[in-house]
Amino acid sequence: MESKLMLLAFSCKVSILSRSQLTSDFYSSSCPNLSKIVRREVQKALMNEMRMAASLLRLHFHDCFVNGCDGSILLDGGDDAEKSAIPNLNSVRGYEVVDTIKSSVESACNGVVSCADILAIAARDSVLLVLLGRRDGTLSNGTLANSALPAPFDPLDTIIAKFTDVGLNLTDVVSLSGTGAPDTTLDTAMLSDLQSLCQNGDGNATAVLDRNSSDLFDNHYFKNLVSGKGLLSSDQILFSSDEANSTSKPLVESYINNSGLFFGDFVNSMIKMGNINPKTGSNGEIRKNCRVINS
């Protein structure tokens, strides 16, 4: 039922929100089996690790916030690359999954589908449809990534401002729900559980971000915020900070009481984010390898 709501929301909004030259059927002739190929590889990745769905969403988010959705986060490039930026280093993941998908797509449709679109499809595959037609960027800007991406301990007004800079608004902030660092205002019972899980600073231990939720896409994340169980500081400030009272808190409460509203807003926000400064037409390129520009 939730998936049907997501698709209905998409079909109602796509004609309103579509900008630039992106279309949902961009590869219908040039690579007709694209969606099936991507879905197959994403499902393989999720069978191995369900958390990869959220990781791919986050990878797409971090790509779009720096020079638009152009796959630039996928480029290798040393200390100056987006991969090495503070918000991404040892944090953003899923690159190998994108590589695997790209290899399968190239076998079926050589030189046709951009890495930027592959990432967009992979990120949405567990939740919604997307518009396609992006081309790949040729520059990876780590300095811009450090300044443009919401930082772990940014106050709420700074996070909102960074979303505004790329054409997004408060609703997008809440529905897309940024990530960050462990929160010092955690519920005491949850803090005790985390301390037991992560004894002696074990960097190999992992914690569930959406506590007490299933692996389904739902609104439980917002229920956790009300209980003080938002694991990350950039999560919990959406409900518990002083600034939240007049900004994000009412939206959090609305999403708790109306999951359909959340699904609709999330679809809206994902479409808007995917439309951040895409390279289309003759701008950019179609990379053969997502990690390097074409020679």
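Cβ from N, Cα, C; glycine included.
For the domain 'Plant heme peroxidase family profile' (21-294), the predicted model reports an average pLDDT of 84. What TrEMBL records for 21-294 is domain 'Plant heme peroxidase family profile'.
The number of other Cβ atoms within 10 Å of the Cβ belonging to C31 (disulfide bond), over all protein chains shown, comes to 18. Annotation comment: TrEMBL describes C31-C109 (among others) as disulfide bond.
Feature annotation from TrEMBL assigns site 'Transition state stabilizer' to R58. Every protein chain considered, the tally of other Cβ atoms within 10 Å of the Cβ of R58 (site 'Transition state stabilizer') stands at 19.
When Cβ atoms from all protein chains are considered, those within 10 Å of H62 (active site, proton acceptor) total 23, not counting its own. In this structure, H62 (active site, proton acceptor) is part of a helix by DSSP. According to TrEMBL, the active site, proton acceptor annotation covers H62.
According to DSSP, S72 (Ca(2+) 1 binding site) sits within a helical segment. In this view, S72 (Ca(2+) 1 binding site) is surrounded by 28 other Cβ atoms within 10 Å of its Cβ, with every protein chain counted. TrEMBL lists D63, V66, G68, D70, S72, E82 with the feature Ca(2+) 1 binding site.
C64 (disulfide bond) counts 28 other C-beta atoms within 10 Å of its own C-beta, drawing on all protein chains shown. Among the features that TrEMBL reports, disulfide bond is placed at C64-C69 (among others).
For C115-C290 (among others), the entry in TrEMBL reads disulfide bond. Taking Cβ-Cβ distances under 8 Å and a sequence gap of 6 or more within the same chain, the neighbours of C115 (disulfide bond) are G71, L74, V98, K102, D136, R287, C290.
Counted within 10 Å of its Cβ, the other Cβ atoms near P150 (substrate binding site) come to 22, all protein chains included. Under the heading substrate binding site, TrEMBL lists P150.
Annotation comment: TrEMBL describes D210, D218 as Ca(2+) 2 binding site.
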| query | From the Cα of P150 (substrate binding site) across to the Cα of V66 (Ca(2+) 1 binding site), what is the distance in angstrom? | reply | 11
| note | Students should find that the Cβ of D218 (Ca(2+) 2 binding site) has, within 10 Å, a number of other Cβ atoms equal to 15
| remark: If you measure between the CA atoms of D63 (Ca(2+) 1 binding site) and C31 (disulfide bond) and round to the nearest Å, you get 23
| Taking the centroid of the Cβ atoms of D63, V66, G68, D70, S72, E82 as the Ca(2+) 1 site, which other residues of that chain lie with their Cβ within 8 Å of it, listed in sequence order? | H62, C64, F65, N67, C69, G71, I73, G137, S140, N141, A145
| request: Based on DSSP, name the secondary structure state of E82 (Ca(2+) 1 binding site): helix, strand or coil. | output: helix
